[in-house]
C-alpha cells in the first residue's frame, strides 16, 4: 500500500555533501524542497578523512561559498585545524585545508538545514522513481510514501548496491555499516541507465591514548589562519587548534603486507570495482612501488570530543588481524588499539556521459544526479556538483535556463565538463592539473569569478553582494592609481638599495615597481599610501593582479578565443546521422554525448578538428535555413 | 583548433612560375604581418584594398629576408570577410618557404585544410547552396592531410620528438606532484632542476632544427619515380634531366634508401627524381632487384616516368609494371627511337593514351623538350598536384620547433628569476603541447597517467 506524502518543487534524495548543498540551494532559491535520507543522523557525514580542502578541492569549497553554498561556512565553524598549503608557490595554487571536527560538522550542518524555511527533512529509503511520459515526477519510499516533485536530485553516494569488503569477508552495506540502497539501483537499471561498479576505501581508526606521539612529528595549524568563507571574519577555533602527527611505515609493515597479499581482496579477485589510482590502498602502494622504503602516515584527530584518530596513508581492505599487525609495525603505534577497521567499499555509479552539463539526465527530464553517483570521489567534488544540481533543479522549476560554469570560470566547471564530456573510468578526483587555466582559477578570486552569478540566481544576498562590489571597485581603483602614480627615483632607490634591487629611472610608475619579484605591496604602501581604504584581502588582490599580470593576460587571451566556441550553441534537435561528412566515430560520439556547444563538442575524444569544421558548416546551414523559415 | 584565430596558407600552387601568394586571414592578420613587414607605410595605417612594396624581415635580427608586395583587405570586404593580408613573393620554393616560416612563428597558425573556404561560408560570403560542397572539400582535404601526416610521424623526427616530450612530461609530473600533493615526500623542486631539464630539451630541439633546416629543400617537390627494366636508359634520363636543368642538390649522403634522389626544377616545377635502380644495377642480380625497387618507388611517387627501350620487344616484367601503375599519373617514354623500333605499341596503348607517350632518344638528346612540356602540361592542368601539404608541413614543423624552444626559454628565464613553479609550468606545458602538435598528439590525459605511474600517492 502506498499513500501520498506531498507535493514539492524539488526532491533531493540523500543527505551527504552533495545532497545538503542541493537541498539548501534549491530551498534558498525559493523552491519548496524535500530532502529524504536513509538515516537523519548521517547528514553531512564524513565517512573517510576528517578534512576538507587542499589543492583544487579547497578551491572548490571557495567556489561553493562564492556561489552561496554552505560548505565553506560550515567548516569555518567546525574546524580543529586550518593550514594554508603551497604558500611557497604561486598564488593560484595556494590551498586552504582544514581538519574538521567531523561530529560537530554534521550537527552544525543539520541545524542549518532544520532552520531553513523552505526545506523539509525526512528519513526514508527511496526505492523507486515515479516516471510519467518519460519525465521523472517523484519517488516512492520503502514505507510506501509517494512524494511528488517537479525536479528530482539523486545523490546516493556509495550507497547504491554498496558492498563492504575486508579480507575474505564481504557483505552488503553502505559506508560505516549503514543500510545500502539496493532496490533503487535496480530501478535505475530498469529505466535504462548505464551503471558502473566503482570502489573506494578507508583506513582504520585508532585510540588516541594508545599512540606514542613522541615517536612522531607534530604538524600544527597556522597561527593566523585564513577561512574558507568570504563571510567568515574570525573564529573561536583559531586559538584552540589540534595538531596532526606524521610517522612512517616500517620495513616490518612492508613484510606483513607482502606475506599476507594472498588474503588481500584486491589481489584475490573478490573486488570487481575499479578503484582510483590516486588513492590506492597501502597494499597497492607496496606492490606497485616496491622500491620505496617507507610511506608517510598522518595521524589526524576526528574531533574534539572523541579519542578516535584517522590513520591517513593506510587505506586498506586487508583482513582485520592483518590490519592490526600492520598498525603495530608503525613507529608510535606499537601498542595501538584499533577502534574501527579499514575497509573497501564497492558501489554503483552512473556513467556520467548520460548527463547534460546542467547535471540533468538526458534520458529522463526532471532527474538530476550529483556527487559520487556521477563517478567522483571526495566531499568537495560532491558538494560542488550538489550546489549546481540544486541550482539547476530549482531553475527548471522556475522555467529558467540552467547555469553551466565553463572551464575558465571554476574548478566546478572543469569537474562537470570532464564528467559529462569525457566520462571517467575510475572514481574522479579533482587535481589542479586538470584545469587549463590554473592561474585564473585562484583561491583568492573565487568571489570575483562567481559571486555575481550567485547574486543573480538569488543565493547571495544583497548586503553581501554590496560588500563584494566595494571590494571589486576598490581593487580596480587602486590598480588604476598605481598605474599613473610615478615613483620618485630619489626616495625609491634608497629603499631598493636595501633589498639589493636594481635602481629605477625617471618615469617608472608604481605598478611597474610592484611587478618586480622582490617588491611587495607593503613596500609600495610605504612609498605611496593609498587614498582608499583597503582591507588585507583587497591588498592581496591588488598585488596578485599586478604581479602576475603577464601570465594572467596570456591565459585570458586564450580563454577569450575559446569563449567563441562555447558560445556557439548546438540545438538539441540536431540529427547527427543526417550530417554527411562527419567521420563515423565522431558521429557516434556526438550522438551519444549531445554536446550543448561547439566548445564542448571539440573536447570529446575522437572528434577531430575536421569534424568540428564540418559541424560548424552544417550548423551555419541549419541556422540560416531555420531563420529563413522564420 | 580555434574558430577565430589568425591563419595562413600558400594560396598558389607551389612551383608555379613568377610569383607565389601567401594569404593570411583573421582578426589579427594586419598587426601580425605588420610586425615582420618593413616598408614606408605601416599596414595598420593602410587603406583597404591597397598594395604595398617592402620587405619581410626576420623579427629577431631585423634582417631583410624577401622582397614582397603586400595587399591589405579589411573585413568584411575580403574572401573570408575577415581582415586579410596577401603577401606576394618571388616564385619558387625557397622564397615562399622562408616567408611562410617567419609568418608561422608569429601568432599565426597554418590553416586547416579548406579553412579559408570554411570561414568564407561561416561568415556568409558563400551561398547556402554550397554548404555540402564546402563540407566535401573539408573532408577530402583533411583525409588527405591526415594520411600524409601519418606517413610523416613514423620517421626519425617523431622518435626524437617523443624523446624530448618524455623528458618534459616527467618534469611536468614532478612539478604537478609538488603542487597537488604538497605534503607528499617527493624531492622538492629546485629551480636549477627545472633549468637543467629545459636546457636539455632546448638542446635537443636545436639539433632537430638543424636537421630540419638542412633537409627542408631536399624533401620537397613532386616525387617522381623513373622506372623501367634495366638498360632501358633510366640513369641516362636522370642525368640528362639533372644536367640540363638547375639541380638544387645532388644525392643525399648517408641515405639508407636504395634509391638515388635528384632535385631538379623543370619549368619552375620542383621535382624530386627517384632513380629506382641506379648504381646498384651493376653489382646485383639485375632483373630481380630492378623490379623490386621499382615497386617501392612507385608506391611513394606523385608522378611516374615509365621508360621503355623502343628497340626491344616488350618484356614480361614490363607487362607487370604497366598493370601495377594503371590509373596513376604517368608519362611513358619510348627511348632509343634512333634505333629500329621493335616494341609492340598496340599493347602499350591499351594502358596509356597517346598524349602521355613521349618518344625520345636520351643518347641523341632528342625529345627532351617534349618530355619537359608533358610534365608542365600535367602540372599546370591541375592533374598533377604538387604535394604541397608535405612541403608546407615541414615549414610548420620548423615553426613549432622554434615556438617550443622559445617557450622553454621563457620557462628557463622564469626559473632563473625564482618565479613560482606553477607559472613556470605554464610554459613547460606549452612547449610540450607545441611539440605534440608536430606529431599529432596533444592529449592532456597522459600527464595524469605519468603522475600516477611516476609517484606513489594516496590517502
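Keep in mind that glycine also has a Cβ here, set from the backbone N, Cα and C atoms.
These figures come from a predicted structure and were not determined experimentally.
What TrEMBL records for this protein:
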type    : residues                                                : note
BINDING : A:14, A:15, A:16, A:17, A:18, A:19, A:126, A:181, A:372 : FAD binding site
BINDING : A:275-289                                               : NAD(+) binding site
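Here the binding-site residues are A:14, A:16, A:126, A:275, A:372, and none sits under 8 angstroms from chain B, going by CB atoms. For the binding-site residues A:16, A:275, the ranking by surrounding Cβ atoms (within 10 Å, all protein chains) places A:16 first. Same-chain residues at least 6 positions away in sequence with a Cβ under 8 Å from that of residue A:279 (NAD(+) binding site) are, in sequence order, A:200, A:201, A:315, A:377, A:427, A:429. Comparing C-alpha positions, residue A:283 (NAD(+) binding site) sits nearest to A:372 among the binding-site residues A:14, A:16, A:18, A:126, A:372. The binding-site residues shown are A:277, A:285, A:287; of these, the one with its CA atom nearest the CA of residue A:16 (FAD binding site) is A:277. Here the Cβ of residue A:287 (NAD(+) binding site) has 16 other Cβ atoms within 10 Å, regardless of which shown protein chain they belong to. Take the CB of residue A:18 (FAD binding site) and look out to 10 A: across all protein chains shown you find 34 other CB atoms.
On a Cα basis, residue A:285 (NAD(+) binding site) lies 24 Å away from residue A:372 (FAD binding site).
Between the alpha carbons (Cα) of residue A:14 (FAD binding site) and residue A:281 (NAD(+) binding site) lies a span of roughly 27 Å. Within 10 Å of the C-beta of residue A:277 (NAD(+) binding site) there are 18 other C-beta atoms, taking all protein chains into account. Counting only same-chain residues at least 6 apart in sequence, those with a Cβ under 8 Å from the Cβ of residue A:126 (FAD binding site) are A:13, A:36, A:139, A:140, A:141, A:142, A:181, A:184. Annotation for residue A:289 (NAD(+) binding site): no spatial neighbours, criterion Cβ-Cβ under 8 Å with sequence separation of six or more. According to DSSP, residue A:126 (FAD binding site) sits within a strand segment. Long-range C-beta contacts of residue A:281 (NAD(+) binding site), restricted to its own chain and to partners at least six residues apart, with a cutoff below 8 Å, comprise A:201, A:266, A:275, A:315, A:316, A:317, A:344. The Cβ of residue A:285 (NAD(+) binding site) lies under 8 Å from the Cβ of A:292, A:295, each of which sits 6+ residues away along the same chain. Taken over all pairs of the listed FAD-binding residues (A:14, A:15, A:16, A:17, A:18, A:19, A:126, A:181, A:372), the Cα spread reaches a maximum of 18 Å, rounded to the nearest whole number. Residue A:283 (NAD(+) binding site) counts 24 other C-beta atoms within 10 Å of its own C-beta, drawing on all protein chains shown. Taken residue by residue with DSSP, residue A:18 (FAD binding site) is part of a helix.
Following the DSSP three-state reduction, the secondary structure of residue A:275 (NAD(+) binding site) is coil. Here residue A:277 (NAD(+) binding site) is positioned 23 angstrom away from residue A:18 (FAD binding site), judged by their C-alpha atoms.
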